Amino acid sequence: MTRYHVGGKVVHEVDLLKLRHWTWRLDIWPFAILYFIWLLAVVPNIDFSDAFIVLGGFAILHILVLLFTAWSVDFKCLVQFRKVNDIHSATSCKIIPSKFSGSKEIVLLHTRKSVVGSSASSTENANEIYFVFRKQCFNFSAEKNTFCKLPYPTKESFGYYLKSTGHGSETKVASATDKWGRNVFDYPQPTFQKLLKEQVMEPFFVFQVFCVGLWCLDEYWYYSLFTLGMLFLFESTMAKGRLKTLTELRRVRVDSQMLIVHRGGKWVKLSGTDLLPGDVVSIGRSGQNGEDKTVPADMLLLAGTAITNEAILTGESTPQWKVSVAGQSLEEKLSIKRDKNHILFGGTKILQHTPDKTFNLKAPDGGCIAVVLRTGFETSQGKLMRTILFSTERVTANSWESGLFILFLLFFAIIAAGYVLKKGLEDPTRSRYKLFLSCSLILTSVIPPELPMELSIAVNTSLIALARRGIFCTEPFRIPFAGKVDICCFDKTGTLTSDDMEFQGVVGLDDDGALQTDMSKLPVHTVQVLASCHALVFVENKLVGDPLEKAALKGINWIYTSDEKALPKKSIKRASSAEEIGMARWWRQREEQGKGRAMMGVGIGAEDEDVDELLAALGYNVQSSDMAMGRGVVGRPSQKHFAIKIRDRLWSVNIVAQKACVPGIWDRSIESGGQAVQIIQRHHFASHLKRMGVIVRIQDQFLAFVKGAPETIQDRLIDVPATYVKTYKKYTRQGSRVLALAYKTLPEMAVSEARSLDRDVVENGLTFAGFAVFNCPIRSDSATVLSELKGSSHDLVMITGDQALTACHVASQVHIITKPALILVRGNNSTDFQWVSPDETEITSYRQFVEKEVEQLSDSRDLCIGGDCFEMLQRSEAVFNVIPYVKVFARVAPEQKELILNTLKTVGRMTLMCGDGTNDVGALKQAHVGIALLNAVLPTQMGEASSQTQPSKSENKAGKSTKPKSVLESSKSVVPANNTATTSNRHLTAAEKQRQKLQKMLDEMNEEGDGRSAPVVKLGDASMASPFTAKHASVAPTLDIIRQGRSTLVTTLQMFKILGLNCLATAYVLSVMNLDGVKLGDVQATISGVFTAAFFLFISHARPLQTLSAARPHPNIFCAYVFLSLTGQFAMHLFFLISSVNEASKYMPEECIEPDSEFHPNLVNTVSYMVNMMIQVATFAVNYMGHPFNQSISENRPFKYALFAAVGFFSVITSDLFRDLNDWLKLVPLPEVIRGKLMLWAMLMFVGCYGWERLLRSLFPGRMPARSRRQKQAAVSLDKKQL
């Protein structure tokens, strides 16, 4: 077996190869024989000039073979390698990548000693064979008889990880290093010369250089040099752009800060680049010098909690709460997708951490304990870097269609060249060299020099336009897909609706179903569940987290402190003075530095710098220390006196810290007005569970508080109220978000026992505490955007994890649902399903074996199905009969979102998915066009530079936009020059510096490039979630991307039509007319080339219209419209050309013109050039596609002025106004009769072509693709697979 099937996301198949000895390579020995034959047989028997032509042919063939080994991997395999069956005899392998994972590549096979007893798996003592493809390692597995991706310890049980103590010996460390390598992003920095060499080795460029050489041989020097200069300029620009991108990427490195790592049974200090999978590390917020610590690898949190900023990966600015795996079932396997709240991802910043002092391993630096899962390019950051790194190759639109189109044109060129060859061979006096040159020029004329540039410019123009609007793309080949999209899928929460939730009240506590908005009348446990069952957290003295949970806390008038305690506001003691607030802030700073507790004992003094910092915090001038602490004596207060003051005042400020946004120190905050709820353990929300729970302590009593989806909590209640279902459905029908609240009392136990309780035990046997009702307002522009999408021939679909009734209500508000809705739900029998209207007045049975039922039902109703129906659809094999007709998918898990997108793709739909970058990753990746919305508010500018050092109220009110900066740059410390004067008045404390640094980082994390140059996609701009990342809290970027996609499709189509017509006309001129002695002058060809290049440049920069049209662009080049348009226009061009040349021939003297003679100005040449110019201008003007997709000719001013210039130039040379100009162009004067006829015929030709083109556009408009046939084919193919 020579081919191994891998079937992964990156590598599809692998062929084994062995390098041939150089003497047996097919690019060496056959040509050595040819050259030997030429020397012995050809040279002695024919003229030296003819023998030289033969040698030139051999040399060109040899060069082509060598070039094809660089262009084609398959050809290189044939020439330089041979296939082998035995993997041990192979030296290399050919990689056949999966779709959209790059092109084929030949890589070397390597061997190494297998790693015994590795953390991932154990293998036998043998040499491992592996290869590296796109920075990923693949090992050969003898058991599976194929190559498998290098395993990392990412799928073990939680018990396995909790027992981890790191690599126990140097031998294991060495083995792990050999297996996984160092934790670095290692890729060489290419030079400009190397990148330019790669660019000029491209087939198109080499071909065009060859064409330039042919034109030079035909003495077109100016035209050749102009074309060559244009090509080199473009390729240099492309190489410079790639170099800029790669340079930016090289700035991103694994954090090399020193970490505490547990190796060999003890804690040692190691650089982040030396980490290995399986290492147990201590990780926390700050490094050795107080700098922010970046997580150097993907790690599983074993002990402690952390708050991370994952903006560099997902773009989401909301900090993420990471918790340890303590409390998880020991037998349960880790899933990176499901358990991401336990994983610290490489490249993210730790904003805050809390160690777990009860864990068996004690970190000496007080950090969280984590085990390394993945390193290097296998981390989440490395994966995103690979995506960006390997998307920097040349981008084009419809590359495979461009090849077929060239073959189509080549067919006509071969006919023309054959005609010239036949006529030339009939003339024995004709130079064979000139004949060979003429045939070569005809054949090469089918690929114009502008083609590769225009294909790239069409896509790059869209990339630049999107980047200017804050939309970044890591996979440029998807731009044309956006123009073909016919179905748009949207997430609901945070995408169509706002993140600003509004707490309405609680319902379900009595039988009348009335909404209770007075929080004082609610049962105490209901309020306590709302106050404490959440995942809110303090980051830099600011409460962050789910907007819904913050809205609930605000609605019940409670607060949450950073020591995980919920308190009613009325019970909080307030600060009595600014001095107390200052003291509390100072104390918090000392606590962070680990110095606060040491200062509580009388007699333990404070250092001078501590005194200075406290005095500054209290607002005293440090230099005037006689004012310190109210003393009238010059000098600082004594250390003992200072310590006593600290002790006494801190008892009084106690909860003052809450007002100062810092945590209290002792639990003295509760007066008689309320009870504090202390959170002991959290079980975070999981999408597959649809619930979350917490264990709390109120005084000495332990309770479990749970909230979640009403249908999920219903099964876990001891007693379900009679009106339970009726009540929550009433509010979900109104579009409200409804959460069920429940609680249970736990027996007395120790805190450690409470934390170790199994989650299923905690969240069962609950008592109902009411429904929390939230209003989720729809974004102001959602309805407008979706209405425009619907009006522009797009089907709309909602895919959400929310309840079906809520989803249907929102869908009706944003034009997704426009007909009466039906929801597929379970019937009375668990195996039966039925279609039910939201108000339950219409019920229709679902007959799963009736093929056309759903299709017919969808004609009069908009359908909705829930996630619980998917299993039934898969079991009954009705996926293709139902999913394509559904408008709303509710209560779906992330994996089910992927299934929906895959099904729509299988039935032939071009899909777009718009969602957030955290919950919808799978669906965004599966869609043809995935758009991750970052929900970021653009940062405001801080007025003057000096104000950046001192946050104030005026700072928040400033509304000026900042100059965009990248996340890469935001990590650098930038201090404005003006700051010197400001900071000299007061030294910033370490805490304030840290706070300002964090604020600066948060402010800059979502800023974008200035858009004045080609977009360089960077970490922070791109999201690992999807190909497109939009920094907007709106679905409006969907319109921008589709608009640019359609514009790219239309621009590409018109380019192919124009190039096709020009090439067909050129083939005719170089063949039939050339035999009659008609040629173009060198200057004439150069002027024509300048106009052509300018036209192409200006049409590629046409801006798309703001309003999407109901008409759709033609998705393919090969269609009836394009074929008929080319045929009709070329016929008119040909008739005009032949008629004009024949008319000019009547005025020519009777003389024989040699076909291979040099160019001499005459009437026929002059008319031919003028007619070609007229055809060229008419071709661009007629085939320009403006409305309804792009700007019209009148709106595209550069193109309009270029057309006017061309028409003016044509009028000037035709009227012979400037004789010197015509002499320079080598044009002879035209007789008055011919001049008039040319003008008239040109007008008729233009009107005819314009009318023909408009007729075809009306007869063949872009339509929504018929999907019923593809749907049936998909169902049939599925049946065949199952058989």
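Each residue, glycine too, has its Cβ placed from N, Cα and C.
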Annotated transmembrane segment segment (source TrEMBL; candidates 200-218, 1055-1073): 1055-1073
The domain 'P-type ATPase A' (261-387) - residue tally per DSSP class, helix then strand then coil: 21 helix, 46 strand, 60 coil
Whether the transmembrane segment (1117-1138) meets the transmembrane segment (1055-1073): three or more C-beta pairs under 8 angstroms: yes
Tertiary contacts of the transmembrane segment (1055-1073), as residues 6+ beyond its ends and Cβ separation under 8 Å: 402, 405, 408-409, 412-413, 416-417, 419-420, 438, 441-442, 445-448, 450-451, 454-455, 458, 1080, 1092, 1095-1096, 1099-1100, 1117, 1122, 1125-1126, 1129-1130, 1133-1134, 1137, 1141, 1168, 1172, 1175-1176, 1179-1180, 1183
Tally of DSSP helical, extended and coil residues in the domain 'P5A-ATPase transmembrane helical hairpin' (20-85): 49 helix, 3 strand, 14 coil
